[in-house]
Structure formats: C-alpha cells, structure tokens
Amino acid sequence: MTLQRIAESKLPTPFAEFRITVFQSDDGKEHVVVSLGELAGEPPLIRIHSECLTGDALFSLRCDCGAQLNAALQKIAEDGRGAVLYLRQEGRGIGLGNKIRAYALQDKGADTVEANHQLGFPADAREYGLAIDLLKELDLCHIRLMTNNPRKLDALEQAGVTIVERVPLESGRNPHNESYLATKAAKLGHLLGLP
Ligand SMILES: Nc1nc2c(ncn2[C@@H]2O[C@H](COP(=O)(O)OP(=O)(O)OP(=O)(O)O)[C@@H](O)[C@H]2O)c(=O)[nH]1
Ligand SMILES: [Zn+2]
C-alpha cells in the first residue's frame with residue numbers, strides 16, 4: 001500500500017487548534033491525521049481510530065466510537081501534542097451499508113460478531129497494514145497508544161512499532177451499548193474493565 005500526502009491545513013476545534021493532513025491510499029480512500037505539536041522526540045499520544053460514521057458524526061449510542069474520539073482529542077489537547085490517525089475502515093472494514101445490515105441482525109438478537117458471520121464476513125475485517133504505513137510516513141516508531149484492543153497492540157508491535165504505554169480509552173458506556181461492549185470484551189478480547 002502506498003500513501004500519498006495530498007493536503008494539509010489548520011483545524012481549529014473546541015479542544016485545540018490541530019493540523020489536519022490527508023493521505024490517499026492506492027484504493028482512492030482518503031485517510032486523515034489530526035495532529036498537535038511536534039511529534040518527534042518523546043513518544044507522543046496516538047489514537048488509531050477506525051471510521052464510524054454513525055458514532056463519530058451522528059451521535060449513535062450503539063457503540064463507543066464517538067466518545068472515544070472525543071476523549072482522544074481531549075487527551076491530546078491536555079498533553080499538548082499527539083495525533084489521531086483516522087482510518088477509513090468503516091464497520092470494522094466491511095463498509096457502512098454492511099454495518100447497518102449487521103445492526104439490523106443485532107436488532108433481531110445476534111451479537112456484533114454473530115451478525116458479521118451471518119453476513120459472510122469475519123468478526124473483524126480490518127488489517128493493520130495501513131496504520132503501520134501511516135505511522136512510518138509520520139516517522140513514528142515509539143508511541144503511547146490510546147486503545148483497549150489487544151489485536152491492534154500485537155499487530156503494531158509485530159511490525160516493529162514500540163508501544164511504550166497503552167493508554168486505556170474507556171468512555172461512552174451507556175444502556176444501548178452495554179451488550180456490544182460485553183461482546184467486544186468476551187469475543188474480541190478488548191481490555192475493558194466492565195462491571
Ligand atoms: N461490523 C460492525 N462494525 C462495528 C459495529 N459497531 C462498531 N463498528 C465499527 O467498529 C470500528 C471500531 O472498532 P472498535 O472495536 O470499537 O475499536 P477498536 O479500534 O478495535 O479498538 P479501540 O482502539 O479499543 O477502540 C468502527 O469502524 C465502527 O464502525 C458493529 O456492530 N458491527
Ligand atoms: Zn462506532
């Protein structure tokens with residue numbers, strides 16, 4: 001996968017004035033890096049976030065994505081430096097339409113993993129090559145990663161990225177996503193301190 005840096009500007013937000021950089025991958029998808037301060041030097045706070053239109057932009061309570069994105073930007077602003085790598089891997093890689101199909105199956109009783117399987121997809125169709133390539137583009141090999149996902153940690157470590165610290169990102173739990181989060185912990189191995 002080659003990534004081309006295609007555009008960059010300031011991005012003022014309620015948290016801080018970030019920089020936004022757009023990278024285009026071979027398949028034409030436009031991935032985003034929202035960064036603050038100088039990333040070189042001491043390992044910076046990094047969030048590798050998979051697109052979730054419903055959670056990130058439409059306030060959906062079915063997942064915790066929007067709250068995690070908010071918390072990540074907030075933590076970076078507090079730290080004074082860091083970046084969110086926003087990857088266009090909607091629906092754990094199956095796309096928006098298929099994610100909504102999976103939601104419909106969940107409305108009929110399937111859990112998030114079973115719904116993906118019923119549609120003929122793996123539980124998680126993402127691969128981390130893109131994240132690894134983007135980290136390389138940004139010259140980031142020692143990072144403090146905001147995540148609860150052990151597969152993400154393993155994939156990056158195996159690719160030679162040193163995670164000097166895992167920063168948990170537990171926010172946005174609500175009655176609508178309780179069983180979704182429980183399934184993530186039980187079947188996908190997410191490190192969540194659930195009650
Ligand atoms: N297929 C599918 N995708 C979902 C569902 N709910 C959320 N997503 C997608 O899941 C992705 C986020 O994955 P998560 O498992 O929440 O988080 P993660 O990136 O693996 O791990 P963290 O770093 O701990 O947040 C986004 O692309 C969402 O669109 C669902 O029920 N089905
Ligand atoms: Zn989501």
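A Cβ is built for glycine as well, from the same backbone N, Cα and C atoms used for every other residue.
Bear in mind that the values here come from a model prediction, so they are computed numbers and not experimental data.
The feature domain 'GTP cyclohydrolase II' is assigned by TrEMBL to 5-168. According to TrEMBL, the feature GTP binding site maps to Arg47, Ile48, His49, Ser50, Glu51, Gln68, Glu90, Gly91, Arg92, Thr112, Thr147, Lys152. Taken from TrEMBL, the feature Zn(2+) binding site applies to Cys52, Cys63, Cys65. Here TrEMBL flags Asp124 as active site, proton acceptor. Taken from TrEMBL, the feature active site, nucleophile covers Arg126.
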Mean of pLDDT values spanning the domain 'GTP cyclohydrolase II' (5-168): 96
Whole-number Å value for how far Cys65 (Zn(2+) binding site) lies from His49 (GTP binding site) (Cα to Cα): 8
Residues among the recorded positions Arg47, Cys63, Glu90, Arg92, Arg126 that border ligand 1 - Cβ under 6 angstroms, in sequence order: Cys63, Glu90, Arg92
Taking residues Arg47, Ile48, His49, Ser50, Glu51, Gln68, Glu90, Gly91, Arg92, Thr112, Thr147, Lys152, which bind GTP in the record, the widest Cα spacing (Å, whole number): 23
Spatial separation of Thr147 (GTP binding site) from the residue listed as 'active site, proton acceptor' - C-alpha basis, Å: 16
Among Glu51, Arg92, Thr147, the binding-site residues whose C-beta sits under 6 Å from ligand 2: none
Minimum Cα separation from Arg92 (GTP binding site), reported as the residue among recorded positions Cys52, Cys63, Cys65, Arg126 that achieves it: Arg126
Glu90 (GTP binding site) as reference: those recorded positions from Cys52, Cys63, Cys65, Arg126 with C-alpha within 10 Å of it: Cys52, Arg126
From binding-site residues Arg47, Glu51, Cys63, Cys65, Thr147, the one whose Cα lies nearest Arg126 (active site, nucleophile): Glu51
By Cα-Cα distance, the member of binding-site residues Arg47, Glu51, Thr147 nearest Cys65 (Zn(2+) binding site): Glu51
Remaining residues near the recorded Zn(2+) site, that is with C-beta within 8 Å of the centroid of the site residues Cys52, Cys63, Cys65: Thr54, Gly55, Asp56, Ser60, Arg62, Asp64, Gly66, Gln68
Reduced DSSP assignment, His49 (GTP binding site): strand
Glu51 (GTP binding site) to Cys63 (Zn(2+) binding site) - Cα separation in whole Å: 12
